[in-house]
Structure formats: structure tokens, C-alpha cells
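Participant: Among the features that Swiss-Prot reports, glutathione binding site is placed at Tyr7, Trp8, Trp46, Leu47, Asn48, Glu49, Lys50, Asn59, Leu60, Gln72, Ser73. According to Swiss-Prot, the feature substrate binding site maps to Tyr116. Per Swiss-Prot, the feature domain 'GST N-terminal' maps to 2-88. Under the heading domain 'GST C-terminal', Swiss-Prot lists 90-208.
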Amino acid sequence: MPVTLGYWDIRGLAHAIRLLLEYTDTSYEEKKYTMGDAPNFDRSQWLNEKFKLGLDFPNLPYLIDGSHKITQSNAILRYIARKHDLCGETEEERIQLDILENQAMDTRMQLAMVCYSPDFEKRKPEYLEGLPEKMKLYSEFLGKRSWFAGDKITYVDFLIYDVLDQHRIFAPKCLDAFPNLKDFLARFEGLKKISDYMKSSRFSCKQIFAKMAVWNSK
């Protein structure tokens, strides 16, 4: 029986989850909710179901796998990863994954805060100014390794791919000084399951943020 992934009909916090489901060849179906247009941004499609799904902490995204009903995007990623041995093999690797998971979320939220801000045009130059330092940290951590935890891919690579790709869309030249990060993105996109998914009709990554965002909300 396929698992169900529920989220808005955007890229958002579900992109890394979709990629991991595809990579692990997990049978899944999506429940996509549509948000209304400005000025009200009607969310009734989701709100009408929010408290009827048996979720402990109702939110989007959610994953339902039989009796397991999970919210929080990183909890969903970890759940899928545990089933496929993608959570690191040593304590040192697991420590690194914990750090990277939270670092990636920080970077994601920092970009989102700028893109949802009414002062977007004012805040964007300041964010771009600090972006090389952010990318440098990821580049130095990755070094010459294929994946962020070493030679074997883990769930964190899906998170970091998503975050780096968002920034590549936001600032197309932001990775030019970091060839190992560009190689990482190409390596990830070259994985057969990922490549096949990206060529399929199921794949959509155009709209990153919800409709109330100033940047990339269409």
C-alpha cells in the first residue's frame, strides 16, 4: 500500500522528501493542497482536513504510512531514511548528520525570511553579501568527498541538495567559486532514480514558496 505525502502544491519543505521517496523507490501518492490567491490566501482545502487525519501535531507536510502518521519535514526524512539505512553508519557520521540537518534548515529559513519579507528588495543585497561565507562553510565541510557524510549518500544530502539548488535559483552565480558544491549538485542529479524522476511528468520544482512570498511564489 503506498504511503501518502500531504503538502501544498509547491516545492517548499516537501522537495527533499519527494526526492528521497523516489530514490528509495517507495510507492507513494501525493495529497496536494492549493492555496487561494491574494489578498486572503484561502487555506480552506487544508484547514478543512487538518484535524481529521489523526495527526498528533497537525501540519504540512505530513506522511501517512499505515499506522504511522508523521509531521515535521525532517522527522519524515529521518523515518524514510531509517527504513533504507541512510542515517549514517558510525556515531561520528550520525553526529555530523545531526549538525548538517540543522545547519541546512537554518540556511533554508534564512532565505525564506528574505523571500517572504515585504522589504525583500532592501534585504536581498544584504543577504547576497553574506552568501559566499555561507556557501564556503558547506564547501569546506564537503571537501573532496562525494557526499556530505563520506562515501555513502545519506538523507542529509537530499536536504542540502534542495537548499543549495534553491540558492542557485535565487543567485545563479553563488556557487561559481565552489566547484565541489557544483559537482555535488551534478552528482546528485546524475543518480539514476533522481534523473528519471526529474525527467518525468511527476516532477515540479518551479514554485518554491507559497503565494504570499515576494520572490518565487508563482
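Quick reminder: no glycine exception, Cβ is built from N, Cα and C everywhere.
Could you place these features in context, so I can see how deep they sit and what lies close by?
Facilitator: For the recorded site, Lys50 (glutathione binding site), the DSSP three-state label reads coil. For Lys50 (glutathione binding site), other Cβ atoms within 10 Å of its Cβ number 16.
Listed in sequence order, Phe209, Met212, Ala213, Val214 are the same-chain residues at least 6 apart in sequence whose CB falls under 8 Å from the CB of Tyr116 (substrate binding site).
According to DSSP, the secondary structure content of the domain 'GST N-terminal' (2-88) in residues is 27 helix, 20 strand, 40 coil.
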Participant: Would you count the other CB atoms within 10 A of the CB of Leu60 (glutathione binding site), including those on all shown protein chains?
Facilitator: 19
Participant: Let me know how many other Cβ atoms fall within 10 Å of the Cβ of Tyr7 (glutathione binding site).
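Facilitator: Taking every protein chain into account, the count is 23.
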Participant: Counting Cβ neighbours within 10 Å across all chains shown, tell me which of the binding-site residues Asn48, Ser73 comes out on top.
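Facilitator: Comparing the binding-site residues Asn48, Ser73, the most crowded Cβ belongs to Ser73.
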Participant: Just to be sure I understand, if DSSP states are collapsed into helix, strand and coil, how many residues of the domain 'GST C-terminal' (90-208) fall in each?
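Facilitator: Final tally across the stretch: 83 helix, 2 strand, 34 coil.
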